[in-house]
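The structure appears below as structure tokens.
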Amino acid sequence: MILHFVATAPAKVNLHLGVGEARADGYHDLVTVFQSVDLWETVRLSVDTRAPRVTQGSVVTGMTTSFGVKRPAEDIDTPANLAWRAVDAVVDAYRRIDGAVSLPRVSIEVEKNVFVAGGMAGGSADAAAALLAANAFVGHYGGTTLSRDTIVDLAKSLGADVPFCLMGGTALGAGRGDEVVEMMSRGLYWWVFINPSVPLPTGEAFSRLDDLRHNDASVVPHLNTTTLSRCLLTGEPRLVARALHNDLQPVAVAMRPQLRALLDFAADCGLRAIVSGSGPTVALLCEDEEDALDARDRIEAAFDGYEIVCAAGPTTGAREVLEY
Ligand code: C5P
């Protein structure tokens, strides 16, 4: 018999991304506001119940990703994939509690609906979903699951955006963005996400911002989210649109100049367009669903070959899927 353990996790958009000082560990302190949006990554662990069990080493036999978005050139189904690393991390943590636990081996399937390397935390959502699926798996064979605190600690160790993908909703992120606390927000916000599919390495964007600040004292961190949090309480997309901000946007545009034309065109189709996270995806906030669908059609007609999707937020965070 084949058993499945399944979980799903949402993408995110940064309503505010303030980048502070570079830290000794190579990261930057952030003050960011996350919103989860209803684009979901699904992770399924499949277990052949007749297969022999193991008490050490990785339980993962392999992984397969199916793409609802553009497939990247390189193979991502490797042990370096965050979903694979998340399963290994849960099993290792479980063995630290119960060293004798004997587990069957699993294969991982990821259903991708979030742009790859787009600045919307698709890889982090995979990790968050894989943590929950793997916790259900060790719970089934070991009798107890890891605590929520342990899962959150593992999430932090996997990547800065993983704790938010677990949590979902609207949240303020501090530290590397991994110290998250829920924020109050009213209403539903409709977005169009446009991915020009040009590589924009996150680490390079951050170091370009350091250079820019080094050479120009007027480029300062924006670490105050008071106006945005007030706007989120109104539930008015028009007010939230005005309060959107991303410190990385100038460097993203400098690195990939085609973003300028996309940002300008998109802004004319909705309330406000900004670069999502470290890019290259552009996020356009719209008044409502109808406006978002219209904006999508207009942008699609103007920009050939770009990936475009509409989505609303906030949503819940990662959750186990019991019926699949
Ligand atoms: O979180 P992730 O591993 O995707 O980050 C990629 C790179 O982006 C990091 O290695 C670091 O150079 C940079 N980064 C940063 N500060 C953050 C998040 C990412 O400098 N808070």
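Any Cβ shown, glycine's included, is placed from N, Cα and C.
Here is what TrEMBL says about this protein:
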- Lys12: active site (ACT_SITE)
- 81-169: domain 'GHMP kinase N-terminal' (DOMAIN)
- Asp161: active site (ACT_SITE)
- 232-303: domain 'GHMP kinase C-terminal' (DOMAIN)
For the active-site residues listed here, Lys12, Asp161, which shows the highest count of neighbouring CB atoms within 10 A?
Lys12
When DSSP states are grouped into helix, strand and coil, how many residues of the domain 'GHMP kinase N-terminal' (81-169) land in each?
54 helix, 10 strand, 25 coil
Looking only at the domain 'GHMP kinase C-terminal' (232-303), how are its residues distributed among DSSP helix, strand and coil?
43 helix, 11 strand, 18 coil
Residue pair Lys12 (active site), Asp161 (active site) - Cα distance, angstrom, rounded:
9
